[in-house]
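As recorded in Swiss-Prot:
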COMPBIAS  216-229  compositional bias 'Basic and acidic residues'
COMPBIAS  236-249  compositional bias 'Low complexity'
MOD_RES   SER235  phosphoserine
MOD_RES   SER236  phosphoserine
MOD_RES   SER240  phosphoserine
MOD_RES   SER244  phosphoserine
MOD_RES   SER247  phosphoserine
REGION    161-181  region 'Disordered'
REGION    194-249  region 'Disordered'
Amino acid sequence: MKLNISFPATGCQKLIEVEDERKLRTFYEKRMATEVAADPLGDEWKGYVVRISGGNDKQGFPMKQGVLTHGRVRLLLSKGHSCYRPRRTGERKRKSVRGCIVDANLSVLNLVIVRKGEKDIPGLTDNTVPRRLGPKRASRIRKLFNLSKEDDVRQYVVRKPLAKEGKKPRTKAPKIQRLVTPRVLQHKRRRIALKKQRTQKNKEEASEYAKLLAKRSKEAKEKRQEQIAKRRRLSSLRASTSKSESSQK
């Protein structure tokens, strides 16, 4: 089995192949996200603690968190699920995934170093890979440089050097996202004002409609009462004429 080990503190990653089954037994029957002591891997791993972050079986099917089995299952996956990327909006697909419990049928097991041990691992903890890009979001820049809300974030942006032969060296800065500027606040005020205007307009229209409805219902009621009174007058007139005719006979 191969072990794909990463160390986030240095940004390094190393793939090692372990032939001895006894060294791997410490990982068997463990679930994803479990922290395991890496001492059985060798003397250089003494004191190291690693977290199981995933893996793939011999056919390439990935492990999925929350599927409590050793084997493979077919799940109906949609947007937001791990092990699946939808190609269309709202698309769902039944995919084969492996359970989150480690066993001997895996070809690669992904591990993340949680605690460093006594010795350095060559190519993993002795070297540091600098990040290619700095943070882009305003809140993350503040967090990186421990800035307050009053500080100007734009002065602390990590710039990327662009070196070209025969040209003056220059740097490139990313566009800061979620930066609160006077223009953003103005847009927010305008949105709130427009919303208030819409609410007021809807209220006025609703009250006008209610008045019109009341007026129409009142008119309809008066008209109905007039018709009833007219019918009564006609019926009484007919009754009186029939009485007079009968008396003459």
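One-based numbering along the chain as shown.
Placed from the backbone N, Cα and C atoms, the Cβ positions cover glycine too.
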For SER244 (phosphoserine): DSSP state (helix, strand, coil): helix
Which same-chain residues, if any, lie at least 6 apart from SER247 (phosphoserine) yet have Cβ under 8 Å of it: none
Whole-number Å value for how far SER244 (phosphoserine) lies from SER236 (phosphoserine) (Cα to Cα): 13
Helix, strand and coil residues within the compositional bias 'Basic and acidic residues' (216-229) as assigned by DSSP: 14 helix, 0 strand, 0 coil
SER244 (phosphoserine) and SER235 (phosphoserine), Cα-Cα, nearest whole angstrom: 15
Other C-beta atoms that fall within 10 angstroms of the C-beta of SER240 (phosphoserine): 10
For the region 'Disordered' (161-181), residues assigned helix / strand / coil by DSSP: 0 helix, 6 strand, 15 coil
